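Below: the structure, in structure tokens.
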Amino acid sequence: AFGVDFTYHKGDGLDIVKKGLLQYGVTGFCPTIILPKFKRCNGNEQGAAILGAHVEGPFISKLKHGAHSIFNIKTLENSNITDTYGSLNNIAIVTLAPELNGSMETIKLLSNQGIVVSLGHTSSDMETSIQAVKNGATFITHLFNAMLSFHHRDPGLIGLIACPPSVEKPLFFGIIADGTHTHPTALKIAHKINSEGLVLVTDALSAIGLPDGIHYLGDKQIEVKNSKAYIANTNTLCGSVTPLDECMRYFLNATNCSVAEAIETITLHPAKVLGIQQFKGTLNYGADADFVFLGNKLNVQSTWINGQCVFKHSSGAGYIEKKNNLNIS
């Protein structure tokens, strides 16, 4: 985001992103990278919290690699998790393709260590996807994108959203509601089938927050035009440049759901995915005082972390402060 590519930048670059995300009402996030190199940290006036890395790849399908370089893809037969990722301490989510040989054992290994296993960038059929869930997978990476299309004789990974949820381990799925990656009708279908499992994600690129033009994703040249990001000189989408609050408003209009339901897709539901709902995603007693003031059109007016205002819109309508006059005699 804001011209910072997590693959190559850290330190000052990461600080720019953490600070910039506050304007979109983001109080915590999982930076998506191929190899983990960011440590978890709390949010404050300097920026949003890092809740752990989302490691997307390199154990994905060569047929559904999307914007990932096919040369970076690995198999679980020739590489293992520890050799590839090193320490797992700062990893929150790992996206992998469940059809790869050795994936079921890897899913068990990761889930037993408290890491969320997400299924994505995959050619998996529904039977294999179900086995992955039985072995510990609990999330689907950007539903409808980088996976087999729905078919009435083999629904594939998409079919999982219709499976009865388990009370112990409910299944959640991310979805990009930017008006480009997912048609409004597909959003409606997903919401109608499993509203409790739906999580809005941005799949944001380094170009988010930047104007239209030529930018870079790793060593790939990308072109942003009309607020859509493509691999340069192609019609291949390569991520989104739409902020999270805008995705939430688009989702609300597309599905005609309630405001409360729309807000839960970017608060309570992602907190449940990470297993941190006791502290994040709610305003229950004992939770972190992270919250956002929204205007009448659900635009971000101010962002708060641990009860402290860390961003206030230039309109000055971030909040109303009531001052009590105390007369002491």
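Cβ atoms here come from the backbone N, Cα and C positions, even for glycine.
Just so you know, TrEMBL annotations are computer predictions that nobody has curated.
The annotation Zn(2+) binding site is assigned in TrEMBL to Glu56, His121, His142. Sequence annotations record features per position, and here TrEMBL assigns substrate binding site to Ala67, Asn145, Ala146, Arg153, His181, Leu237, Cys238, Gly239. The domain 'Amidohydrolase-related' feature in TrEMBL is assigned to 112-309. What TrEMBL records for Asp203 is active site, proton donor/acceptor.
On the structure: features taken from TrEMBL.
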residue : record                             : DSSP class
Glu56   : Zn(2+) binding site                : strand
Ala67   : substrate binding site             : coil
His121  : Zn(2+) binding site                : coil
His142  : Zn(2+) binding site                : coil
Arg153  : substrate binding site             : coil
Asp203  : active site, proton donor/acceptor : coil
Leu237  : substrate binding site             : strand
Sort out the sequence-distant neighbours of Glu56 (Zn(2+) binding site) for me: same chain, 6+ apart, CB within less than 8 Å of its CB, listed by position.
-> Thr32, Ile33, Ile34, His68, Thr95, Gly120, His121, Thr141
List the other residues in this chain whose Cβ sits within 8 Å of the Cβ centroid of the Zn(2+) site residues Glu56, His121, His142, in sequence order.
-> Gly57, Ile60, Gly66, His68, Thr95, Ser118, Gly120, Thr141, Asn145, Ala146, Asp203
Starting from the Cβ of Gly239 (substrate binding site), draw a 10 Å sphere and report how many other Cβ atoms land inside it.
-> 27
Alpha-carbon distance [Asp203 (active site, proton donor/acceptor); Ala146 (substrate binding site)] in Å = 12
CB contacts for Leu237 (substrate binding site) [other CB atoms within 10 A, all chains] = 20
Indicate the candidate from His121, Arg153, His181 with the smallest number of other Cβ atoms within 10 Å of its Cβ, considering only these binding-site residues.
-> Arg153
Protein Cβ atoms within 10 Å of the residue listed as 'active site, proton donor/acceptor', excluding its own | 26
Greatest CA-CA distance (Å) over the residues Ala67, Asn145, Ala146, Arg153, His181, Leu237, Cys238, Gly239 that the record ties to substrate?
-> 30
